[in-house]
Amino acid sequence: MTLLKNDTFLRALLKQPVEYTPIWMMRQAGRYLPEYKATRTKAGSFLDLCKNTGLATEVTIQPLERFDLDAAILFSDILTVPDAMGLGLYFAEGEGPKFKRALQHESDIAKLHVPDMEKLQYVFDAVTSIRKALDGRVPLIGFSGSPFTLACYMVEGGGSKEFRTIKTMMYSRPDLLYKILDTNAQAVTAYLNAQIDAGAQAVQIFDTWGGVLSDAAFKEFSLKYIRQIVAGLKRESEGRRVPVIVFAKGGGLWLESMAQIGADALGLDWTCNIGEARRRVGNQVALQGNFDPSALFGTPESIRTEVARILTGYGHGSGHVFNLGHGINQHADPEHAKILVDTVHELSRQYHGG
């Protein structure tokens, strides 16, 4: 494999010395970019875009052509895994993802099994293709949804505001939910390991909906299964460590518990105080975040002020990857995203080195 020209992102995740704070943005390849919209139109649909190796590579690289980002992230969707389990993923216009065959009957759950990874070969082909296109420019991040977040979509049949169906199952038939979560954990472990084999140099587990759970339920139905995945991941590839990032939106309450599951870094949403988060986790993990995506709707001056506040909050030394606290908004101005990236690089140097 080609030598990595910029490994700042990987070094920061492992708390090794860096010259500046690296940055990438969740959903950096997305609808806020006109070039993404053009490629998406060419593909025909979102799923066709995910499954077309050439076009998935193209949209992954697009933000790097515009911004001086320190990592690329595979263009895909967290719901590829349940789709490979036969649940029939589709996207209704304006409604987001849906499943034709949601898991609402015991008989369906009994039949659920870890999918053959060959059904996800298009994802691994994209990883290999993107690595080739990057040519060592920056590292490539692979990713998956967490077992609980995937289960939310699988049981609800799509997105939800109150998660009544899955919470009813959780409190009345936890045995059924355990079966789904265990299957998901095995599937995600195999899926991320296959991404690493294909060339992913770091991986992130997105627990988008973990924050809707009670304290006890988060530990029992989400964190336990993320720990299971982390324990089963390949941590070395191409002669170097493959860092694992765990991002639980709304998970700021559980940082101490999350810091103990073996991940290299924790993602923070924008509601957390990053300085307090650093004190709470100590030296156990690096931190990633946590600029409010809505702050990109501010002025260039307000964006710079917010960047400075977060960098000051984290303080001196390595172990911080700058990111948004959630995905970039589709209405964000790409020029403001550029100001964000350049400001992080400019202002962070004072916190590193001599």
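Backbone N, Cα and C atoms are what each Cβ position is placed from, and that goes for glycine too.
Copied over from Swiss-Prot:
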type	residues	note
BINDING	ARG27, GLN28, ALA29, GLY30, ARG31, ASP77, TYR153, THR208, HIS326	substrate binding site
SITE	ASP77	site 'Transition state stabilizer'
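Its Cβ taken as reference, ALA29 (substrate binding site) is surrounded by 25 other Cβ atoms within 10 Å in the chains shown. Take ARG27, GLN28, ALA29, GLY30, ARG31, ASP77, TYR153, THR208, HIS326, the residues named in the record as contacts for substrate: the widest Cα to Cα gap among them comes to 23 Å. Comparing the binding-site residues ARG27, ARG31, HIS326 on other C-beta atoms within 10 angstroms of each C-beta gives the minimum for ARG31.
For ASP77 (site 'Transition state stabilizer'), applying a Cβ distance below 8 Å and a minimum sequence separation of six or more within one chain yields PHE46, LEU47, CYS50, PRO97. For the recorded site, TYR153 (substrate binding site), the DSSP three-state label reads helix. Within 10 Å of the Cβ of TYR153 (substrate binding site) there are 26 other Cβ atoms, across all protein chains.
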